[in-house]
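**Q** Feature list, courtesy of TrEMBL:
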- 1-22: region 'Disordered' (REGION)
- 55-76: transmembrane segment (TRANSMEM)
- 87-347: domain 'Fatty acid desaturase' (DOMAIN)
- 88-107: transmembrane segment (TRANSMEM)
- 119-139: transmembrane segment (TRANSMEM)
- 181-198: transmembrane segment (TRANSMEM)
- 227-245: transmembrane segment (TRANSMEM)
- 251-274: transmembrane segment (TRANSMEM)
């Protein structure tokens, strides 16, 4: 591992050496620092939430998305046929990326990182997550439990890796390039709605674990009323879409809203997948897991210009897991402040995301107990079926 746990991008001249460095296992022992020591290293202003600044990012995203919508609805029909075939995919990609930024801001509301007022955070989060067909309170509570149990094989909420004995019989037939591409495609297109509706890739529960079901075992009695509010928000947006289809047609709704939403869903699954899936990251069972080591079992990634579009949720994820109420616009400064203390416990992989997603699908099929030392309760990824 390079200095500060940085995982280098393989180059053509030293691909074998760089690949070895990139998959070198990270420390899994109890860290020689505490959460309090990390917090002291961060400038105090990083923890301050600003309503004007938070709204400035949200309003900017809304303006940009509205401009894309205006151009598509007013000018695409004027383009000659060949150009329209290029214009629509460009719109889908750009609008999908901008709306992913809106999704990230609503996600911050769920962490109480948007403002100092919980009611304001919940109002903004409910409006904009509902617009993207995300049940705000439902996901807020399950996501909070993910942050409370990251890296735990028994209690983490999402992208919980399987052990080898749990791999289905057909797994070995998908462990090839066509199979991986098919699995990634299904994951990015259907993964998000399947998780919300049926808890696919989530931790096992006794009972029907559905984010739209108020009596799901995911939630306690104090949370159930707000699950109804989440469902009401989704139904309101669905009704609005129904009225739009009645007035403008299904094709218009799919082109202007449906396809960008699919891209939003794909990106949020991709981002989460790559944040928590890497050959170098450990997982822990209940005999060894603790909150700090679990929070550190994540990796920052580089998405190029999309880092800014996604409000740096991609390249400041380690700091986010340590201090989730910190607003995104201060997370980069906080990351720089804690890296010297984290040392090899800080993980960064600059591999391009489109390369990394295939590599992780190839290398991270299941987890197995540590076999290189006497580290009971520690599990690492493997791919040998």
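Glycine is no exception: its Cβ is also placed from the backbone N, Cα and C atoms.
Here the structure is a predicted model, which means the values were calculated and not measured.
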**Q** Would you call the transmembrane segment (88-107) and the transmembrane segment (227-245) in contact, using three or more Cβ pairs under 8 Å, pairs 6 or more apart in sequence?
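**A** The transmembrane segment (227-245) and the transmembrane segment (88-107): touching, no.
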**Q** Please give the sequence-distant neighbours of the transmembrane segment (181-198): residues at least 6 beyond its ends with Cβ less than 8 Å from one of its Cβ atoms.
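**A** Same-chain contacts beyond the flanks: 134-135, 138-139, 158, 174, 209-212, 262, 265-266, 268-270, 273, 357-358, 361.
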